[in-house]
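One structure follows; several queries about it will come next.
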Amino acid sequence: MTDASLQPASAPPPACRVERSSVHGNGVFATRDILPGERVIEYAGREISWDEAQARAAAQGGPHNHTFFFSLANGNVIDGGDAGNDARFINHSCEPNCEAIEEEDGTIFIYALHAILQDEELSYSYPLIYEGRHTPAIKRAFACRCGAEQCSGTMLAPKPRQRKPAAPRVKPAEPAMSADRVPGLAAPQNPPPAMPG
Ligand SMILES: [Zn+2]
């Protein structure tokens with residue numbers, strides 16, 4: 001039990017902190033070494049309906065000005081810009097060292113994919129759902145500058161072809177399967193009517 005004796009009795013200090021990032025604006029950095037699979041931080045924020053999320057995005061001048069939304073399996077959205085925490089500043093990377101997992105109770109936590117060294121920047125891969133046209137301006141707004149060798153150059157999830165229903169976020173609630181669900185960070189806007197083909 002030697003390890004346990006080193007643990008503080010109260011809550012441990014946060015595993016990460018916010019700082020300016022060379023990737024984009026602010027970023028989140030490890031304050032200590034983090035173990036593979038470790039739960040790093042909750043993606044906190046107010047849970048709001050999809051309609052409310054759209055209204056909030058519109059009030060801020062459009063979805064590209066508001067990328068703190070995280071869609072939940074129940075169709076609602078976590079707004080990290082409202083009662084959120086440092087997790088909202090975690091940047092996207094095409095070669096991330098973290099992943100976001102929705103727990104069975106609808107909370108979202110950021111987990112380490114592998115060992116992370118102190119002062120390393122945390123990142124995860126957003127499948128950023130944007131239902132409008134992927135115009136050049138939108139593509140520029142969501143360009144990826146993560147610097148990874150395999151960088152796709154964009155944070156936007158590819159627009160799905162018509163074979164499968166496109167939007168898991170509007171599906172009704174279903175039994176939670178936290179481990180294999182990849183939550184999408186959604187940039188809402190009023191979607192145009194679906195135009196197959
Ligand atoms: Zn990238």
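Glycine residues also receive a Cβ, built from the backbone N, Cα and C atoms like all the rest.
Just so you know, TrEMBL annotations are computer predictions that nobody has curated.
Sharing the features that TrEMBL gives for it:
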- 14-127: domain 'SET' (DOMAIN)
- 140-156: domain 'Post-SET' (DOMAIN)
- 155-197: region 'Disordered' (REGION)
- 167-176: compositional bias 'Low complexity' (COMPBIAS)
Averaged over the domain 'SET' (14-127), what pLDDT does the predicted model reach?
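Its mean pLDDT is 90.
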Quick one: DSSP breakdown of the domain 'Post-SET' (140-156) into helix, strand and coil?
2 helix, 3 strand, 12 coil
Counting by DSSP secondary structure, give me helix, strand and coil numbers for the domain 'SET' (14-127).
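The domain 'SET' (14-127) comes out at 17 helix, 40 strand, 57 coil.
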